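Marked as domain 'WHEP-TRS' by TrEMBL: 1-55. Sequence annotations record features per position, and here TrEMBL assigns region 'Disordered' to 1-22. The feature compositional bias 'Basic and acidic residues' is assigned by TrEMBL to 13-22. According to TrEMBL, the domain 'Aminoacyl-transfer RNA synthetases class-II family profile' annotation covers 33-389. Under the heading L-histidine binding site, TrEMBL lists Asp126, Leu127, Thr128, Arg153, Gln169, Asp173, Arg322, Tyr326, Tyr327.
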Amino acid sequence: MAEEAAVRAQAETVRRLKQDKADPDEIAKEVAKLLDLKAQLGADEGKHKFVLKTPKGTRDFGPKEMAIRERAFKAIVSCFKRHGAEVIDTPVFELKETLTGKYGEDSKLIYDLKDQGGELLSLRYDLTVPFARYLAMNKITNMKRYHIAKVYRRDNPAMTRGRYREFYQCDFDIAGQFDPMIPDAECLKIVHEILSDLQLGDFVIKVNDRRILDGMFAVCGVPDSKFRTICSSVDKLDKVPWEEVRSEMVGEKGLSPEAADRIGDYVQLHGGLELIERLLQDPKLSQNKLAKEGLGDMKLLFEYLTLFGITGKISFDLSLARGLDYYTGVIFEAVLLQQENEHVEEPVSVGSVAGGGRYDGLVGMFDPKGRKVPCVGVSIGIERIFSILEQRLEASEEKIRTTETQVLVASAQKKLLEERLKLISELWDAGIKAEMLYKKNPKLLNQLQYCEDTGIPLVAIVGEQELKDGVVKLRIVATREEVNVPRESLVEEIRIRTSQC
């Protein structure tokens, strides 16, 4: 049939484009044609065939995964609140012009939406640019905020390592004119607190400063026009060896081999206060105004981090670049050193798990008069953290509770549905998390087994004798101990016993 031949031809076109690693948009267009042809063919046969799947770079999260995520979110929000942050939310899409020109070479990863109602829109790429727009729009000059929400990137996903096209970010930012490095030090302390609290294993927080980088590029002979593009090459050093980065700088970006080699001498340095002192005496860097400023602030930052007692996890690393265009000062990135997990032979490799920095010029880009609001912030790479926690729990075979139910209301005899409904209503009204089985006359064994399977710690059993005596039999699932509790004392007894769980 002609229709089947058309489907085969289109399938061959898609296969060839994928093999040739063609532009993803072109592949997507041809795939859409193929699906349309298949749908038409299916309709002709009286059957509409389609594949049930989530879009590329996305996934569903079941109750077990969501329980793990909620635990992590709780720890992060608790830390943000401990440091005095307010919470905000912004739209999932912004005007396209709001996002344009803020992300350097990563701008190609922004999802653009079709013109709907006369406005060109894009899905938000991060939470920082919308925050800057929010500050400028509302003329806010001083704020400490956190924001946890989904962002979108048209990236090549690596889902086993927590890299998606739709994912959550957890951001904490301090906006306002303050004395140097005090807010920056607090952001690093927050990263340290969260990673320690989540017990992800050993980690290091790398720090650098855009001014040091720019000063370094200048003394190494990089033309001003190439600063940002060379910066994005240096940013790849955590993923590929220096030789590849050098090759990209010289071969693709037209940098002289001599300038690249001079950069190589610097970007392979890392250390602490002693390295900062050494670079302050460096004959070339010390003569550059930007580098000198950056090194002076870096020294101050390390003094504050010493007072916080966290310098053991901090490394001043000249290879850290962070490719986003809006950073103006201190930049940082937290990396897991290894995955301590005796159940897994291969370590879980996930890259950085937090990053951030100072962006003093971003709000001014949105202000009609160019008024600047200095800002510094951190973003926790929560999806990568989730992937570690999920794999770790899977390997340990630990049973995860997916509900918070405190008590199951059960009956030992038939015809007690009304009594169960009365009792569970009393418990709900008192704020107790309670469940019951949706059967008129469930077997007691089935009710107890449900508690075992779901991890419910208590069973409140009503029976004819208990009703006569004005009590409820409370069973502790773990020990199988049973106690008679006066009906009026049941709520308090459940609270006491579940607070000990």
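The backbone N, Cα and C atoms fix where each Cβ goes, glycine too.
A TrEMBL annotation is a machine prediction, not a hand-curated record.
Of all the binding-site residues listed here (Thr128, Gln169), the one with the fewest other CB atoms within 10 A of its own CB is Gln169.
Once Cβ contacts within 10 Å are tallied over all protein chains shown, the binding-site residues Asp126, Arg322, Tyr327 are led by Tyr327.
Taking DSSP states H, G and I as helix and E and B as strand, the region 'Disordered' (1-22) has 18 helix, 0 strand, 4 coil. Computed over the domain 'Aminoacyl-transfer RNA synthetases class-II family profile' (33-389), the whole-number mean pLDDT of the model equals 88.
Looking at the residues that bind L-histidine per the record, Asp126, Leu127, Thr128, Arg153, Gln169, Asp173, Arg322, Tyr326, Tyr327, the two CA atoms farthest apart are separated by 21 Å.
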